[in-house]
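Notes for the one structure printed next.
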Amino acid sequence: MGAASGMESAIVDSSNLIDSLNAAQREAVTAPCGRTLVLAGAGSGKTRVLTHRAAWLLQAEEASAYSILAVTFTNKAAAEMRGRIAGLVGIAAGGMWIGTFHGLAHRLLRLHWREAGLPQHFQILDAEDQRRLIRRTLRNLEIDESRWPPRQIQGFINARKDEGRRPEALEPHDAYSEQMRQLYRAYEEACRAGGGLVDFAELLLRCYELLRHQPALLEHYRRRFRHILVDEFQDTNRIQYEWLRLLAGSESDVFIVGDDDQSIYGWRGAQVENMQRLQRDEPSTRVLRLEQNYRSTRTILAAANALIARNSRRLGKHLWTEGAAGEPIAVYAAFSEQDEARFVVERIRSLIESEGYARSDCAILYRSNAQSRAFEETLFGREIPYRVYGGLRFFERAEIKDALAYLRLLVNRNDDASFERVINTPPRGIGVKTLDALRSQARQRQTSLWQAAGELLRAGALSGRAARATTAFIELIDRLSGPLAEPALAARIEVVLAQCGLHEHYAKDRSERGLDRLENLDELISAARTFEQAREPTDDEADSLTAFLAHAALEAGEVQAGEQDDGVQLMTLHSAKGLEFPVVFLVGLEEGLFPHRMALDEPGRLEEERRLCYVGITRARQRLLLSFAERRRLHGQDHYGTASRFLLELPTELVQEVRARFSVTRPQTKVHAVEPMVTADTAAFSLGQRVRHATFGEGIVLSCEGSGPNTRVQVNFAHSGSKWLVAAYANLKPCP
DNA sequence: TTTAGTTGAATAAAG
DNA sequence: TTCAACTAAA
């Protein structure tokens with residue numbers, strides 16, 4: 001309340017705020033409150049618009065920071081947004097809720113755990129925890145894991161939750177779907193019995209249901225969050241979409257930024273259709289476009305535009321730049337993946353040596369992780385530092401998860417998953433037999449393993465050695481959470497690590513791996529210290545341990561950073577989204593690899609592959625180099641591939657084939673030109689072009705078919721949706 | 001309980 | 001080919 005007043009002085013003059021924006025950005029930032037959907041092309045200043053919008057609301061609209069909710073997908077994006085808004089308006093951003101969908105849902109559930117039907121100290125399951133729990137559930141039901149793979153069940157459950165469906169809402173149509181439904185039910189029951197375990201999908205669904213079923217609460221938050229900002233809207237799944245609509249009600253100002261052409265997460269539930277759905281569900285939505293690109297050369301943009309124009313069902317957008325044409329796009333047809341790596345690395349070397357590029361200016365982007373290998377070996381061989389993104393993150397490491405399982409057990413004895421994880425880690429003589437006895441007792445009495453252990457001990461049902469070890473374990477946990485337990489988080493964790501034997505266990509291991517793990521455990525203690533210091537005391541009622549455990553699940557930490565600050569960057573296309581590099585090598589452009597074979601049969605999935613390629617191309621600022629290998633070793637077997645269709649879809653005039661300097665014995669492949677997409681008759685309309693119709697208003701050309709007087713054009717109108725029109729009668733006028 | 005050997009799967013991955 | 005998960009032997 002009083003917080004904002006003292007900080008107002010830090011706010012810069014509002015005229016400065018929009019001075020640095022172009023006309024389209026300014027129009028978006030200053031759009032009147034209501035429903036706004038900004039179609040923000042790659043490199044068009046999307047984050048700028050979002051952060052300036054927030055600043056604008058605070059200044060020109062005199063909105064209170066308290067009334068703003070901003071949602072992103074990643075912690076990184078949330079942190080960046082927070083930082084940039086703070087930079088624009090001073091620290092007045094303090095009262096805003098800025099976070100990921102999951103982080104915000106979690107916050108609401110923590111505040112209203114009772115209404116949400118959760119225990120106060122409910123724990124979050126990450127993907128691995130969830131799979132383990134499913135596996136345990138299967139064993140309890142004596143279901144064959146090879147016939148019902150846990151991964152598949154996990155996928156099923158999460159997909160249903162992403163759609164907002166509980167087991168009761170399913171309509172099984174065969175034995176398989178009926179069994180899946182049963183397993184979904186059993187899993188839900190296991191989560192409940194485990195003392196309120198909440199997986200990632202559950203956070204969202206549970207929060208949605210909370211708001212849905214508590215009208216007073218919903219009303220409260222609707223009144224509070226007058227302004228909602230959404231980033232990367234094309235990545236929302238069904239439940240996120242419904243959650244946003246519910247929270248927004250009909251009154252809130254909703255400002256959404258997204259790009260349907262960069263939707264690459266359909267496989268994890270994202271629904272690009274939400275972009276169209278929004279316009280249907282909220283007809284008052286004002287659609288604005290950011291099409292001026294500040295990142296890439298004209299050549300690179302032309303290639304990107306041409307490629308993405310082949311997709312249907314686009315909202316339509318045409319990126320342009322005031323910048324120079326730049327270098328042509330190089331294509332290298334490699335003989336093998338080693339040859340490909342050699343070419344790329346040699347190029348990087350010469351860019352660094354003769355053109356003054358830094359190593360970190362160069363990125364190698366590939367479709368699948370396995371492809372990094374050849375590049376790593378070559379870079380390593382030439383002693384060029386590099387950094388590979390992806391892989392295990394800090395809180396996902398086994399030793400860290402072991403430690404966290406001990407901590408969870410302190411908070412909740414009935415957390416069977418954690419119990420099983422640590423009962424014999426480090427080894428303390430409790431083997432399968434003892435564990436089996438505990439499990440069957442627990443199943444019989446419908447209790448947790450912890451309770452079952454107590455019962456069996458009291459009944460004297462365990463053999464001497466097992467009984468001693470189990471008693472010691474139970475006493476250990478009780479002692480660690482007892483009245484003498486250290487109150488300060490970091491110190492407490494230190495005590496736990498020392499007492500439970502994990503520290504000693506890894507200290508015995510003198511190998512590099514053991515040293516690594518020991519280091520990580522120490523790192524955990526300092527992570528806790530940092531966390532405790534950064535935590536706002538008023539955050540919520542949760543104690544610091546519970547809060548830290550949630551933090552560990554929600555923010556699994558940075559992907560392991562290579563030691564090199566200035567190294568060549570290697571990553572998948574997916575993880576490159578949102579980044580940019582002066583030089584991009586897009587490698588492995590082969591049919592079956594990219595587009596991936598798994599995506600070949602379905603047109604929708606193929607289009608997602610094409611968008612992925614579009615994302616890759618638009619990462620490049622100055623130079624783009626493409627390559628493919630004619631022979632590639634996959635899973636120990638040689639494959640002879642052909643150039644990716646995406647290569648052939650690029651306008652030939654933008655592309656220059658690089659020839660090997662020495663003649664390598666290899667079959668010559670040509671990058672053939674592909675037939676033009678639009679025939680001469682229909683060329684008047686290019687895909688993605690904006691046109692005006694006398695009655696339907698403005699729209700975007702989605703596709704053309706037929707020729708001459710029969711030409712039919714599909715146009716997606718901003719207000720009337722998509723329609724097929726006969727070009728000869730429609731009298732469509734191109735829009736400037 | 002630990003280990004060596006076997007089997008099977010292998011697209012992308014935030015929270 | 002590689003890696004994780006599992007099984008059988010010590």
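Cβ coordinates are placed from backbone N, Cα and C, and glycine is handled just like the others.
In the structure as shown, the Cβ atom of A:THR47 (ATP binding site) sits within 10 Å of 16 other Cβ atoms. The ATP binding site annotation in TrEMBL covers A:ALA40, A:GLY41, A:ALA42, A:GLY43, A:SER44, A:GLY45, A:LYS46, A:THR47.
What TrEMBL records for A:19-297 is domain 'UvrD-like helicase ATP-binding'.
The domain 'UvrD-like helicase C-terminal' feature in TrEMBL is assigned to A:298-578. Confidence over the domain 'UvrD-like helicase C-terminal' (A:298-578), given as mean pLDDT on the 0 to 100 scale, stands at 89.
Within the same chain, residues at least 6 positions away in sequence whose Cβ sits under 8 Å from that of A:SER44 (ATP binding site) are A:GLN25, A:LEU290, A:GLU291, A:GLN292, A:ASN293, A:TYR294, A:LEU319. By a simple count of nearby Cβ atoms, those within 10 Å, the most crowded of the binding-site residues A:GLY41, A:GLY43, A:GLY45 is A:GLY41. Other than the site residues A:ALA40, A:GLY41, A:ALA42, A:GLY43, A:SER44, A:GLY45, A:LYS46, A:THR47, same-chain residues with C-beta atoms no more than 8 angstroms from the centre of those residues' C-beta atoms, the ATP site, are A:ARG48, A:VAL49, A:ASP259, A:LEU290, A:ASN293. Least crowded of the binding-site residues (A:ALA40, A:ALA42), judged by neighbouring Cβ atoms within 10 Å of its own Cβ: A:ALA42.
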